[in-house]
């Protein structure tokens, strides 16, 4: 894996690391490191982890501002499908905000409202 990091002067360098650092053994657990058991815990903590390598010339990604593409300027005043899609979305949003604190006996009416909004949308799509 390669990681980009900012170095002195504001430039970026890529570093490669083969594996994350190893966890130290649990206290009291049998050591599988054998001869490494006598090492200082800090030394044995990263035993076997490859060192970082720095690449001086890399093409690191710079943050870019994201903006949505422009949308078409459509007249939706008589668009029944659009109105019903909006109604369905509103019903789902309302249900999702009210269902968690509601008791189970109130679930059915909320689900019915979403189902009716969906049924109305599908009927409108069939008519067009």
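Glycine is no exception: its Cβ is also placed from the backbone N, Cα and C atoms.
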Listed range which TrEMBL flags as region 'Disordered', given the options 1-42, 43-84 | 1-42
Compute the average pLDDT of the predicted model within the domain 'Focal AT' (71-127).
-> 92
